[in-house]
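So that you can see what the record holds, here are the features copied from TrEMBL:
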REGION    32-56  region 'Disordered'
BINDING   T108, D182, E207, K237, D241  substrate binding site
DOMAIN    242-403  domain 'S-adenosyl-L-homocysteine hydrolase NAD binding'
BINDING   G273, E274, V275, G276, K277, G278, E294, N397  NAD(+) binding site
Amino acid sequence: MFFSTIPCEPPKQQLVTIALMRKVEIEQIQAASYTDSSDDETSPRDKQQKNSKGSSDFCVKNIKQAEFGRREIEIAEQEMPALMALRKRAQGEKPLAGAKIVGCTHITAQTAVLMETLGALGAQCRWAACNIYSTLNEVAAALAESGFPVFAWKGESEDDFWWCIDRCVNVEGWQPNMILDDGGDLTHWIYKKYPNMFKKIKGIVEESVTGVHRLYQLSKAGKLCVPAMNVNDSVTKQKFDNLYCCRESILDGLKRTTDMMFGGKQVVVCGYGEVGKGCCAALKAMGSIVYVTEIDPICALQACMDGFRLVKLNEVIRQVDIVITCTGNKNVVTREHLDRMKNSCIVCNMGHSNTEIDVASLRTPELTWERVRSQVDHVIWPDGKRIVLLAEGRLLNLSCSTVPTFVLSITATTQALALIELYNAPEGRYKQDVYLLPKKMDEYVASLHLPTFDAHLTELTDEQAKYLGLNKNGPFKPNYYRYCSTTSLFILP
């Protein structure tokens, strides 16, 4: 009976209506899609876009993706308890009222939570991306829709990258008084193009090895104009973000790009700092045979005692299946190394900068580049040998996959507190030099994350505090204390 009620041949007008409805539905899906499968190759710089409030002070891939981006931000908020607590506790005080923060970081859902927290604390923000591949277009759209001037999209060219930074900095009627940088490119651009801006800038907060290295170089040369906070070497950044984040995201990035199995694979990890420790632990736990290269004898000894074989890259380059760099240096993997690699060797970088692998040396007429999938290239030699290059030598995890939100909550909270500290510091507290975050703030950041685990700290008695010579409320360790981190704790039997 049911089937008899359905006409065998719908009227022509009904077919037209169905077709139109389907066309609208497809257009809506394409407009809202948060993937990179869109056929629209028009550069965002050539588009005229406005948000729902009529503002056009932004440049993103597609403002119509904002709804999807907002959902991702809401998910991230659930895993960023410290930032949400900070937003709630300090919102009434507005400790960043009057702050004009220009930022250059990865633009992800986690960064969006940080930006919106800074806004809730009274700051005005303008933002660009520190990596041409790590921007989540839908998140950038959501921020632009919320009124944040964001200039970033996934797949920027080198020229786009600097144009976006310039649009953040060079704007009529607005001048930054704080910098939040990840890699030092924003700071470098202002020094190069707008040095007079430093007369009004109160401080710089930098979170990467590369950017911190540049700041120390400026300080040593007497060219650092303002105080700078080295967030990268704060305990909460280095011992949690660098170690735990990379321990999980290295596997995610490699799996998503290559679909490979890790068991039995030979891997060389260049660098055994916190990032290298996390990568080695994850790969060893998956059954890989892991070699380590190091220049520092202390880190080298740690690698040996954690069960890894210390080698020079030249000694294993012909036999390994995967090469991972995480040193923060340049030319760690040279053209000579690349020429000697075995067929189908995977090459990737987990350090911030794209200088560790000499990718430029591969752009020569005798080598063929073949795009396999997003952020995955085959580089083919004349004899048919090929290597698999991920993210063109840029940061693998944020370019090709995602990173654990909870760990980024720790880093983002550290950044927010560093901005608050520098912005509100009385004149003379900080000179034109590079500083570490005060130990008390590191401990505060850690304490904000403990309730997530239903963790309960033991409190010192007055007698115990006196015996140790400590304040009952901290700080509990001197600045010279080195918190232990060893991968042997994380390796599965």
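Just so you know, glycine gets a Cβ as well, placed from its N, Cα and C.
What TrEMBL says about a protein is an automatic prediction, not a curated fact.
Here the features listed in TrEMBL are painted onto the structure.
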residue	record	contacts (Cβ under 8 Å, 6+ apart)
T108	substrate binding site	A76, S134, T135, L136, V139, L398, T402, V403, L408
D182	substrate binding site	C104, T105, H106, C130, E206, E207, S208, G211, H352
K237	substrate binding site	E207, V231, I410, T411, T414
D241	substrate binding site	V407, L408, I410, T411
G273	NAD(+) binding site	N242, C299, C326, T327, G328
G276	NAD(+) binding site	V269, C270, V292, C299, C326, T327, M350
E294	NAD(+) binding site	G271, Y272, A300, A303, L310
N397	NAD(+) binding site	C245, C246, S249, I250, D252, G253, M350, V403
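Confidence across the domain 'S-adenosyl-L-homocysteine hydrolase NAD binding' (242-403), taken as the mean pLDDT and rounded to a whole number, stands at 95. Spanning the listed substrate site, residues T108, D182, E207, K237, D241 have a farthest Cα to Cα distance of 18 Å. Site extent for NAD(+): the farthest pair of Cα atoms among G273, E274, V275, G276, K277, G278, E294, N397 sits 22 Å apart. The Cβ of V275 (NAD(+) binding site) lies under 8 Å from the Cβ of N242, L243, C246, C326, M350, G351, each of these being in the same chain and 6 or more residues away along the sequence.
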